[in-house]
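K.L.:
The feature active site, proton donor is assigned by TrEMBL to E63. For H61, C86, C95, the entry in TrEMBL reads Zn(2+) binding site. The NADP(+) binding site annotation in TrEMBL covers A165, W181, R195, T207, D211, G304, A305, T306, L307, A308, S309, A310. As annotated by TrEMBL, substrate binding site applies to S179, L215, R218, E302. If you look up TrEMBL, you'll see 12-134 marked as domain 'CMP/dCMP-type deaminase'.
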Amino acid sequence: MTQHTLERAFSDLDFAMMSRAIKLAKRGIYTTAPNPNVGCVIVRDEEIVGEGYHHRAGEPHAEVHAMRMAGEKAVGATAYVTLEPCSHYGRTPPCAEGLIKAKVARVVCAMVDPNPKVAGRGIQMLRDAGIEVQIGLLEQDALALNPGFIKYMRTGMPFVQLKMAASLDGQSALSNGQSQWITSPAARQDVQRYRAISGGILSTSKTVIDDNASLNVRWDDLPNSVQAQYLQEELRQPVRVILDRQNHLTDALKLFHTDGERVIVRSDGDCIPLLDSAHQIDLSTTLKRISDEHHINHLWVEAGATLASAMIKANLVDELIVYLAPKLMGSDGRGLIGALGLSAMADVIDLNITDVRMVGVDIRITATIKRNEIR
């Protein structure tokens, strides 16, 4: 069945209610990780009788909030859920079982849960109980809600966003290393928002030392729109992962005197030693390990040209977030990306530009890498 044929199977009310469920799910983007963002709307006789979203891991799921609100009005109703209801016992009971007990008549799921513990079992449980189940309404919107959760469940690796900032002529710093500040306060607020969404921030000891960076989420620097919707204590601090192969970090740095978990990747000692055959940090293995051990499925990378090029060459970047400031710094500045070892135009890395917008006076470009294999 094509997407067009699939969408014709749904009514205007179905579209409206799933759109509302997706909007509800977005309320959890700063609080829910590593769990997925999920929204649920329960409708009976074309009226909303219950709705909710998943707030935080370990707390009730979206369906539970919606069913509590609906009460007995859930009987014979339709539940719109952005992700297949879970079918297993974790920190909370299975939502599919709850919907069965609530006696809903129909469940519309935007997408199947990629978690191997679910993966269609919730849908089958509902159907076995005599509940009508339809799948695929606004699936692309639902996929966009949880890039980290989905990628980790499918591949065991985190969704990686690489952030870079440069002048309009592509320089990330002056020749003497000065770079504060290339971008505007509005762009730096935008970066705080991305940090808050992620489960972890990856950087290098050089970046931390050069900027004396704390790499945490600073409440006062978040956009007003975020501060208006959340309490400060609701927002989580991402895990800060620092690559420090030569053990340059010292306790005097801000990194060690600000809230939030830290993971230091070093060549020896009691930290994570992950070196490849060339005695460089094995980036792929590092990302896999920190994802598994620290429950990071969405990783935000802030670092200089060397790590940026290494991540790209290792084919570990899912999305580029590039801020371009209306400044010129000259060819004697420091470039945005390190050497990629290219010698032919056929090997140049092509990008898909997915979004371009102004953030303050700066341009923010969002892009993905076209090629499946980076040489």
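Residue numbering: from 1, along the chain as shown.
Using the three backbone atoms N, Cα and C, a Cβ is placed for every residue, glycine included.
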K.L.:
Taking just the CA atoms, what is the gap between S179 (substrate binding site) and L307 (NADP(+) binding site) in Å?
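P.N.:
Just about 17 Å between their Cα atoms.
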K.L.:
Between A165 (NADP(+) binding site) and E302 (substrate binding site), how far is it from one CA atom to the other, in Å?
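P.N.:
Rounded to a whole number, the Cα-Cα distance is 10 Å.
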K.L.:
List nothing but the one residue from C95, A165, L215, A305 whose Cβ has the fewest other Cβ atoms within 10 Å; the candidates are the binding-site residues.
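P.N.:
It is A305 that, of the binding-site residues C95, A165, L215, A305, has the fewest other Cβ atoms within 10 Å.
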K.L.:
Taking Cα-Cα distance, which of the binding-site residues R195, D211, L215, R218, E302 are within 10 Å of the residue listed as 'active site, proton donor'?
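P.N.:
Neighbours among binding-site residues: none.
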K.L.:
10 Å Cβ neighbour count around R218 (substrate binding site)?
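P.N.:
There are 13 such Cβ atoms around R218 (substrate binding site).
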K.L.:
Say you check the Cα of D211 (NADP(+) binding site) against those of the binding-site residues H61, C86, C95, R218, E302; which is nearest?
P.N.:
E302
K.L.:
Check the Cα distances from R195 (NADP(+) binding site) to each of the binding-site residues H61, C86, C95, L215 and keep only the ones within 10 Å.
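P.N.:
Matched binding-site residues: L215, sequence order.
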K.L.:
What is the nearest of the binding-site residues H61, C86, R218 to L307 (NADP(+) binding site), using the Cα of each?
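P.N.:
Spatially nearest to L307 (NADP(+) binding site) by Cα position is R218.
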K.L.:
Let me know the most crowded of the binding-site residues, choosing from S179, S309 and counting other Cβ atoms within 10 Å.
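P.N.:
Answer by Cβ density within 10 Å: S179.
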K.L.:
Sort out for me which one of H61, R195 has the most neighbouring CB atoms within 10 A, since those are the binding-site residues we care about.
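P.N.:
For the binding-site residues H61, R195, the Cβ with the most other Cβ atoms within 10 Å is H61.
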K.L.:
Across all protein chains in the structure, which of the binding-site residues D211, E302 has the highest Cβ count within 10 Å?
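P.N.:
Checking each of D211, E302, the winner is E302.
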K.L.:
Same chain only, sequence gap of 6 or more: which residues have a CB within under 8 Å of the CB of C86 (Zn(2+) binding site)?
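P.N.:
Result: H61, P94, C95, A96, D113, N115, K117, V118, G122.
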K.L.:
Roughly how many Å lie between the Cα atoms of S309 (NADP(+) binding site) and E302 (substrate binding site), rounded to a whole value?
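P.N.:
Spelling it out, the Cα of S309 (NADP(+) binding site) and the Cα of E302 (substrate binding site) are 12 Å apart.
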